[in-house]
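Enquirer: Before I ask anything, let me first share the structure, which is written out below as structure tokens.
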């Protein structure tokens, strides 16, 4: 199955809908990236909410437009809150996205993520090692870092997408987005995106928010990946290093004009 290059014209159209809807996105994410994730969503036009207590997480997941579950700093109590939120989202038909951070490196989070899969995530976003581990095809990875190229994990992503009936995103130098039948490739970005903490986690939040949009989920999620790649490229051109990249990246998301990027690339 050959990946198709994602159409930036479609990404531009999807971004207009995204900004008009401003999806209320319930982010149960890790402690390291809370602020960056919220600012990324705000810069693009979404409405983030970082609700984590189990008493609040269950009812809030039912009223949000989308839910993100990121297991980066998983604890037993946080797992209980996440499970409650996912069960509520499932009952309310709120689309939820799983970011299985370091799932191949630690057994507790691997079992937790596998236990959530029957509750039908709308999307799963991970690096190659994480997707391989979640699919059962490999275990390993250096914590949150990948030891595999994204393309190497594509067969696992396609099989997982068919098994769960969801969208699976494998991120890397080129991102691959698949529903198991059709696969889209999104090149771009910049190496500076790997020199700061949180770009992958923030992408998962944007993917989650995009799942709230009407239309084809595959195209919406691929558009989310395209937005982040374009913003990363634009920010890198204005940055001297990781310290100046972060504010430049948020500015690039805020001013993102995919149609203008099409005209100059």
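Every residue gets a Cβ built from N, Cα and C, even glycine.
Sequence annotations record features per position, and here Swiss-Prot assigns substrate binding site to 50, 198 based on sequence analysis. Residues annotated as ATP binding site in Swiss-Prot: 125, 171.
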Enquirer: Do you know offhand how many angstrom separate residue 171 (ATP binding site) and residue 198 (substrate binding site) by C-alpha?
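Expert: That separation, Cα to Cα, works out to 13 Å.
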Enquirer: With DSSP assignments reduced to helix, strand and coil, which class does residue 125 (ATP binding site) get?
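Expert: For residue 125 (ATP binding site) - judged by DSSP and reduced to three states - the answer is strand.
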Enquirer: If I restrict to non-local contacts, at least six residues apart, and a C-beta distance under 8 angstroms, what lies near residue 198 (substrate binding site) in its own chain?
Expert: 32, 33, 36, 37
Enquirer: Can you check which residues sit near residue 50 (substrate binding site), meaning Cβ under 8 Å from its Cβ, same chain, 6 or more apart in sequence, and list them in order?
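Expert: Non-local contacts for residue 50 (substrate binding site): 27, 28, 29, 34, 38.
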Enquirer: If you count CB neighbours within 10 Å, which one among the binding-site residues 125, 171 has the smallest count?
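Expert: Ranked by other Cβ atoms within 10 Å, the binding-site residues 125, 171 bottom out at 171.
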Enquirer: Helix, strand or coil: which one is residue 171 (ATP binding site) in, per DSSP?
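Expert: Where residue 171 (ATP binding site) sits, the three-state DSSP reduction gives strand.
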